[in-house]
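I have placed the structure first, in the form of structure tokens, so that the comments after it can refer back to it.
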Amino acid sequence: MKAKVIVGMSGGVDSSVAAWLLKEQGYQVEGLFMKNWEQDDHNDYCPAAKDLADAQAVCNQLRIPLHTVNFSKEYWDRVFAYFLSEYEKGRTPNPDVLCNKEIKFNAFLNYALTLGADYIATGHYAKNTIEGSIGYLFKAKDREKDQTYFLHAVEPEALSKTIFPIGDFTKPQIREFAKQLGLVTHAKKDSTGICFIGEKRFKTFLNEFILAKPGDIKSTGGKTLGQHDGLMFYTLGQRQGLGIGGLQNSTDEPWYVVDKDIASNTLYVAQGSQHPMLYSQGLICGPIHWLADYENHLPLTCFAKTRYRQTDQACMISPPDNNQHYVMFSNPQRAITPGQFIVFYEKNQCLGGATIEQIIR
């Protein structure tokens, strides 16, 4: 009998089709719906309840059982606490990376193993190869949807227990499969917003957990131009929501966030989308989480992304210095953001990644 695979069912189209593909391939397939956020229960509209209903409907259509599990405590302790602490430092974190590492490919994997699973599967756009107890990560066929950026922190051992059924298909193909099968999720729009929390108004949401400290908005020359609502609400390269248009003695060019000074609680801005302060020659990152055996081959010339869907950028990684690496780019990079992740690639293979600590102008 073929292996038992438990699919993480999110209530979306990708995981729905992933489950169907595995069933078609002869696996013993079961679904599992993870609830990772409790706060919605007190609102009039609860997206988690709708997602669970959709996941259940799909599993009924595919005639597979659906398990449910609540990982809210794990999510709060391992993902959300970090998310808040980073924002309190004035940085811009990416909770989806930690959510994959700690919840989907750790808590979920371990729970699935207790249910007798040989593998887990998800609806991520990615590919992997398995050699013994180690998994290697590769880009999906659909480069527009490729999610390896968000998966770079998953442990290689977890990747060896994972199947990515939709990695060889494009999003339009996945939607077409779902439509032909009559799955209730075939036209459901893609989820956006914070991992598992959904499309909340970000400012309002963050204000529930962190006390905002308003402060000065200054030009790079030190002139006070206005007031910000709290450094946590702004990210490098941001243009919207600054409220400083139409200043006397300034050009019509828009203003952009170019720096944050946490000590003085000051937001620095500059005019023009090509302002030199928006660009960096390189960055300093923390320890690299390697998914391939390259750590003994530094310095290394490869490619990298500093944000999702960015085109791969040529770079060189230095050997570690006090647990940090210098990464220098062949071309200046716009709006690199501390707290986000740099993810490294060699052709289609994801080599790993690290947290961006500082920019090098």
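Glycine is treated like the rest: Cβ placed from N, Cα and C.
Taken from Swiss-Prot, the feature active site, nucleophile applies to Cys99, supported by sequence analysis. Over all protein chains present, the Cβ of Cys99 (active site, nucleophile) has 25 other Cβ atoms lying within 10 Å.
Positions annotated as active site, cysteine persulfide intermediate by Swiss-Prot, on the basis of sequence analysis: Cys195.
DSSP assigns Asp14 (ATP binding site) to a helix. For Asp14 (ATP binding site), applying a Cβ distance below 8 Å and a minimum sequence separation of six or more within one chain yields Gly123, His124, Tyr125, Ile166, Ile174. The ATP binding site feature in Swiss-Prot is assigned to Gly8, Met9, Ser10, Gly11, Gly12, Val13, Asp14, Ser15, Met34, Gly123.
Residues or ranges marked as disulfide bond in Swiss-Prot (evidence: sequence analysis): Cys99-Cys195.
The annotation site 'Interaction with tRNA' is assigned in Swiss-Prot to His124 (among others) on the grounds of sequence analysis.
Neighbour list (Gln340 (site 'Interaction with tRNA'), Cβ cut-off 8 Å, at least 6 residues apart, same chain): Thr92, Pro93, Asn94, Thr306, Arg307, Thr355, Ile356. Here Swiss-Prot flags Gln340 (among others) as site 'Interaction with tRNA', drawing on sequence analysis.
Taking Cys99 (active site, nucleophile) as the reference point, none of the binding-site residues Gly8, Ser10, Gly12, Met34 has a C-alpha atom within 10 Å of its C-alpha. Residues listed for ATP, Gly8, Met9, Ser10, Gly11, Gly12, Val13, Asp14, Ser15, Met34, Gly123, cover a largest CA to CA span of 16 Å. Look at Cys99 (active site, nucleophile): DSSP puts it in a helix.
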